[in-house]
Each structure stands twice: as structure tokens, then as C-alpha cells.
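Trainee: Right, I'll just put the structure down here and ask away after.
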Amino acid sequence: MSEQTPLVSNNNNNNNRYESIKLPTNNIQNSGNTSSNDQPHLSNNKYINVDEESLQVVPQQKSVMDKLVDKVDPRVMSDLIIGLSDGLTVPFALTAGLSSLGDSKLVLLGGFAELISGTISMGLGGYLGAKSEEDYYKSEVKIEKQKFYDTTNNSNENSSVNEEILHEIEDILADINPNFKEDTILQFMRDLSQEPEKMVDFVIKYGKGLEEPDENRAYISALTIGAGYLSGGMIPLLPYFFTKHVGTGLIYSVIIMLITLFIFGYVKTILTMSDAATLEKKIKEGFQMILVGSIAAGSAWFFVKVLDG
């Protein structure tokens with residue numbers, strides 16, 4: 001906005017530009033919650049095709065993976081990937097390190113102890129992170145609502161909108177399209193001012209870049225990350241249940257984990273990049289997960305062996 005003439009000026013002579021922007025009689029409630037149920041949902045263009053002969057729109061069939069991704073909240077998917085990623089590497093490295101001591105019972109007990117503590121720790125971390133995000137969102141909403149009204153007119157039935165929030169909306173629209181005309185911006189703000197809750201939502205979402213968190217987000221995040229860590233960490237432990245010798249268990253564990261890590265890296269790329277993920281990228285991510293897991297497990301085994309003498 002620094003290169004454009006602002007619509008809002010500190011000069012009192014220009015204040016009449018916003019005289020037509022009034023709030024409705026049912027003014028915004030001073031609460032910390034906003035409604036986001038009316039957000040528009042745009043379909044993904046990659047699933048729309050146009051028949052060149054008939055010029056008719058032909059919807060494309062989605063793959064099973066795409067349907068799965070569409071049904072799952074992206075944040076839940078992100079939490080699951082975080083939990084699985086750590087669960088597949090940390091317990092694997094620990095069990096590999098303990099196996100160098102030659103005691104299967106020690107590997108199982110140590111592995112389970114780490115798995116339980118790691119699951120609780122990761123779950124609590126997810127809970128606290130999501131809770132902090134929720135608190136930050138509510139504080140930003142509260143700040144916007146506090147400055148929403150012009151304090152000199154807040155007793156009027158049709159109170160004027162605080163110029164500070166109009167400045168914010170102007171800046172947001174300029175970022176979206178620097179070529180917006182002044183009349184377009186003014187008309188947009190006039191229309192938006194008729195629904196004050198949405199005016200605050202607009203500033204929060206497009207100005208602050210914040211989405212309203214689900215009310216159960218913290219609990220869902222804790223359970224998802226914890227469950228991902230637990231399920232991923234169980235895999236390297238399984239071979240030690242079915243083998244008598246710890247060396248044999250280590251070999252089977254390594255083989256299973258190499259396959260699992262590759263599959264995880266491959267599928268993770270599909271989930272996070274969708275159609276942008278090429279076969280080369282999927283394979284590269286799969287081998288990258290193998291490399292990370294191998295370095296962690298190999299280092300743990302080597303240093304425990306050295307320290308044990």
C-alpha cells in the first residue's frame with residue numbers, strides 16, 4: 001500500500017469517504033467466537049474436464065486416495081504424519097541400539113518404556129500446540145472486535161466503523177488485487193459492514209491468515225499424534241516377540257523397517273503433494289525416509305556398542 005494513495009487518511013477532511021459505511025442496528029456481539037459456517041467451498045479444477053466437441057463439463061473420476069484425502073481434515077492428516085514419522089524412527093533407533101547389548105528382554109522392555117513415554121510426550125505436545133493456536137486465534141479476534149467500533153460513536157444506533165479496521169480491509173484488498181478501484185473497495189466495505197461478524201472474520205482470515213480452530217482441535221491433535229507415534233513405534237518391536245536370538249530379531253526388524261519407511265515416504269508424498277507428486281519424487285522421498293531411519297538406527301547401535309565396550 002506504500003505505493004498507492006490510501007483510501008483512509010488521517011486528515012479529517014477526507015473522513016466523509018466512509019460516511020456511507022454504517023453498521024446494522026443489530027451490532028456485533030462482543031464475544032470471542034465467530035461463525036465460519038458460510039465460507040464458500042470451491043471445487044478443485046483438476047476434477048473438471050471440458051468435452052471439446054460438445055463443450056460440456058465432464059467431471060473426472062477421483063482416485064481412492066483422492067477421495068480419502070478429501071474426507072480427512074488436512075490438519076488431522078498433518079498430525080498423523082508427524083506422529084508416524086517420529087514413531088517409525090525413534091523407537092527403531094532405540095531398539096537397534098539396545099539390540100547391540102544382546103538381550104531380547106532388555107530390547108522389549110526398553111522399547112516399550114520409550115514407546116509409552118514417547119506417545120504421552122508427543123500427544124501432550126500436540127495438545128499444547130493446538131491449544132496455543134486456539135488461544136492465539138481468540139486473542140486476535142478479541143483485539144479486532146475491541147477496535148471495531150469508533151469509540152466516539154459506539155452509543156449510536158448506527159455506529160461508524162473504526163477507521164483502523166477500514167485501513168486493514170483496504171490493505172488486504174490491495175494485496176489481493178492492487179488494481180482494485182476506489183469505488184469497488186468502498187462498495188465492498190459497505191456491503192461487508194452490514195454483517196459485522198463477517199467483517200471481523202474477513203480481517204482475521206485474510207489479513208491475519210488465521211482459520212477458526214475446531215473446538216475439539218486440541219484433543220483430536222493429541223490423540224492423532226499419540227496414536228500415530230504408538231502405531232509406528234510398534235513395528236520395529238514386533239520381530240523381537242517371535243525370535244529367540246536378539247541378532248535375528250534385529251535383522252528382521254531392519255528389513256521390515258526399510259520396507260515400511262519407504263512405503264511411508266512414498267505415501268506421505270502422495271498425501272501432501274497430490275497430483276504434483278511425480279513418481280521420481282515419491283521414490284526419492286521413500287529412499288529419504290530409509291536414509292534418515294538407517295542413520296538414526298545405525299548411529300544408536302554403533303554408539304551403544306562402543307560404550308558397552
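Yeah, the Cβs are placed from backbone N, Cα and C, and that goes for glycine too.
Sequence annotations record features per position, and here TrEMBL assigns compositional bias 'Polar residues' to 23-44. TrEMBL lists 1-44 with the feature region 'Disordered'. As annotated by TrEMBL, transmembrane segment applies to 80-101, 107-130, 218-238, 250-267, 287-304.
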Trainee: Could you check if the transmembrane segment (250-267) is in contact with the transmembrane segment (107-130), meaning 3+ Cβ pairs under 8 Å among residue pairs at least 6 apart in sequence?
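Mentor: Judged by the Cβ rule, the two regions do not touch, with the required three close pairs absent.
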Trainee: Please figure out which one of 80-101, 218-238, 287-304 racks up the most CB pairs under 8 Å against the transmembrane segment (107-130).
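Mentor: When the Cβ pairs under 8 Å are tallied, 218-238 comes out ahead.
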